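Colleague: Let me begin by handing over the structure; questions about it come next.
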Amino acid sequence: MSRLISVGAIALRLRSVSAAAPPSGAQAAQGGSNQGTFQGPTKDDFENMALIMYMAYIWLAIIGAMFLHRITMSVLKHMRNLACMNNEKQKYFADVDPKYAGAKKHLLDAPLFSKRHNREIMLSSAINVGTIPSRLQTLFITAYFGINIAFCFLWLNYGAKRSDLLREIRNRTGVLSFVNMIPLFLFAGRNNFLIKLLDVSFDSYNMMHRWLGRIAVLHAIAHTVAYCTNKVEATGWKSLAASMANSMTIKTGTIGTFAFIFLMFHSPSVVRHAYYEAFLHAHIAVAITALVVLWMHVDGIPVQLLILTCIVIWGFERFMRVQNLIRNNIGAGGTTAEVEAMPGDALRVTLRLARPWKFQTGQHVYLYLPSIGWWTNHPFSLAWSDDYQDVYAEKGMSMDRQDILAIRKTTMSLIIRRRTGFTDKLWTRAESAPQGRFVTRAFVEGPYGHQNLNSYGTVLLFAAGVGITHQVPFLRSLVEDYANGTCATRRVTLVWIIQSPEHLEWIRPWMTDILGMDRRREVLKIQLFITRPRSTKEIHSPSASVQMFPGKPDVGALVAQQQQSQVGAMAVSVCGTGSLSDDVRQAVRARCQKTTIDFVENAFSW
C-alpha cells in the first residue's frame, strides 16, 4: 500500500490543490454527488495514479523491447542485402545462429502445442470457433493477465474492515479496466502507429484487442460486483436499487458494465464470421455507447482523462480513415472498379484510382462499393499495379496539347473469392451482367502493410487459391530487382495450390508479364499443384521452369529441397488456408536449426 501511495504522490505533486474539483472516485462510486470543493488529492487518487503509472511502465517496457528487436532485424536485413547484391554464394548468411534458431523453433514461430495455429476450429460447416494463439502469443496473454490479477490484490490492507477492503478492490478494478481500454482502442485501429513502428501485423494486434477487451470486461464486472456487495451489506438491496435508479454515477456505471458484457459475448469468432457486417456495426455502436456512459460515470474525476484518451484515439483513427478516403478517391473523376466474374467462383476487380499510388509488396486495401453495400468494407491483398496516362482530349486539340494534359493514373487489381455476404452479392451481380462484368463507383482505403524479401538469397512462396494475390507482387518485384542487381535474391520458387487449371485465368495476364521479364529464367521457378483435375490431360508442364503436378504438395519435401541448394538466408512465405500455413510452419521449424530460414505468415483472421 505504501509503495502505491508513494508512486502516486510523485505523479500528483504537480497537480493544483486549490482548483475546484469533484470528490474521489470512491466517493462518487458510492452514489454521491460529483459537485463539491476539492480538498486535495485523496488516498484513492494516489493509488489510481500509481496503478496507471505502473501499467504505463509495463507497456513502455514491452514496446521498447519489441522496437529494439525490430530495429536490430531491420539493420541486419539491410546490411545483408547490401553485402549480397554482388555475392552469388552468400555462404556466411546461410549459416545459422543456434541460439536464435532455437528461439524461433520453440517460441517465436511455435504453435501453442504440436502443429495447429492458423487452421480454424470448425464445429460444423457454419460454426467457426476461430484459431489457437501461438506459443509466444499465449505466453504474452497469460503474463499480462497475471499482471492484471496481481495489481488487483497487491499491497491491499488485508487487516482493514471488509467494507474498506471491498472499496479498495472496487477502486483498483475500475481503474485497471480504464487503463486497459487505451491499448484496447489503439490496437483496434488500422492506423495504429505501432504496426509500422514494431513491424507487427494488424492481425496480431487484432488478436490482442480481443484479449484486452476480455480483461477490461472482467475488471468492470469485478468493479461492479465489489460495489454492489458493499452497498447491499451496508444498506440492503432496496438501497442498491434506489442508487441505480436515482444516481447518475451508478446508473451510467451499470449501463457501461452491461455494454461491456454485451461486447464480450457478441464478439466470439462464431458470431464474427457468421454475421460479420451486423457484428461490426453493432460492435461500434455499443462501444460508442460505453464510452459516453463511462465518461458520465467518472465525470470530473481524474481518471476521466483515460476515457478522453480513448476518445481521442478513436476519433483520430476515424479521421485518418476519412482523410485517406478523400485523398485517394476524390477528384479527377473519382475511383471506379471494373468487376469481372472469373472461373471457380472468383472475381477480378480492377480499380482505376483517382490519384496515383506508389505500390509496394505485401500491401492490402479496404474496398468500399456503395452499390453493393453502403457501410461495408473488406480487406483484400493487392495483386497487381499498373500506371497509365489518362488523356482528356477535345476535338481539334493537337497531340502536343493532349500530352500536356495527360494525367498519370494508377490501376490496382484484386482477386476476390466468392464467400457469403458482400462477396456473394458482388459475384452475383457480376455474373448476371453483360459479358460477366460491370463498372461501378468505388472507394479504396489504404494501402496498408508492407513486406520486403530482398535481403534473402532464397525465397520460397506458398499460396493456396486466392492467396496467390499476396505472392504475385513478390514475383514481379524480386525478378525485376534481380535483373537490376538491387537485391540479394538468387532463387525464387512459387508453389501455388489450386483446385482446377481454370483458376490460372485469375492471374494469366500478370503471369504472362512476369514470365516475359528480363532474366526471369535465371531466378524464377513455378510449381502448380492441381488438387481436383478433371483428367490427367489437364496436367502438363509448359517448360522446365513452369511445372504442373496433380494432387497436393509434400510441403516438407519442398522446403528440404530448397534448403539443400540454399543460397544465403532463406525466406519461406505462405498465404492461403490455415492448414497450409500450419504445414509450412511445421516444415520450417523442423529445419530452421540447419540453415538460416525465416517463416513469414500472412493471414486475415479477424
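For all residues, glycine too, the Cβ spot is worked out from N, Cα and C.
Here TrEMBL flags 315-454 as domain 'FAD-binding FR-type'. Under the heading signal peptide, TrEMBL lists 1-19. Taken from TrEMBL, the feature transmembrane segment covers 52-71, 139-158, 178-199, 248-266, 278-295.
Could you tell me the structural context for the features on the list?
Modeller: In the domain 'FAD-binding FR-type' (315-454), the DSSP tally of helix, strand and coil residues is 36 helix, 55 strand, 49 coil.
Sequence-distant neighbours of the transmembrane segment (52-71) (same chain, 6+ residues past either end, Cβ-Cβ under 8 Å): 7-8, 11, 147, 151, 175-176, 179-180, 183, 194, 197-200, 303, 306.
Long-range contacts of the transmembrane segment (178-199) within its own chain (CB-CB distance under 8 A, at least 6 residues past either end) are made by residues 51-52, 55, 59, 63, 66-67, 70, 73-74, 148, 205-206, 208-209, 212-213, 215-216, 219, 294, 298, 303, 306-307, 309-310, 313-314, 316-317, 320-321, 366, 445, 448-449.
Distant neighbours of the transmembrane segment (248-266): 28-29, 31-32, 34, 177, 213-214, 216-217, 220-221, 223-224, 227, 279, 282-283, 286-287, 289-290, 293-294, 296-297, 299; these residues of the same chain sit at least 6 beyond its ends, with a Cβ under 8 Å from one of its Cβ atoms.
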Colleague: Can you work out the mean pLDDT of the predicted model over the domain 'FAD-binding FR-type' (315-454)?
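Modeller: Its mean pLDDT is 86.
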Colleague: Within the same chain, where does the transmembrane segment (278-295) have neighbours whose Cβ lies under 8 angstroms from its own Cβ atoms, ignoring anything closer than 6 residues to its ends? I mean 6 or more beyond.
Modeller: 178, 252-253, 255-256, 259-260, 262-263, 266-267, 271-272, 304, 307-308, 310-311, 314, 375
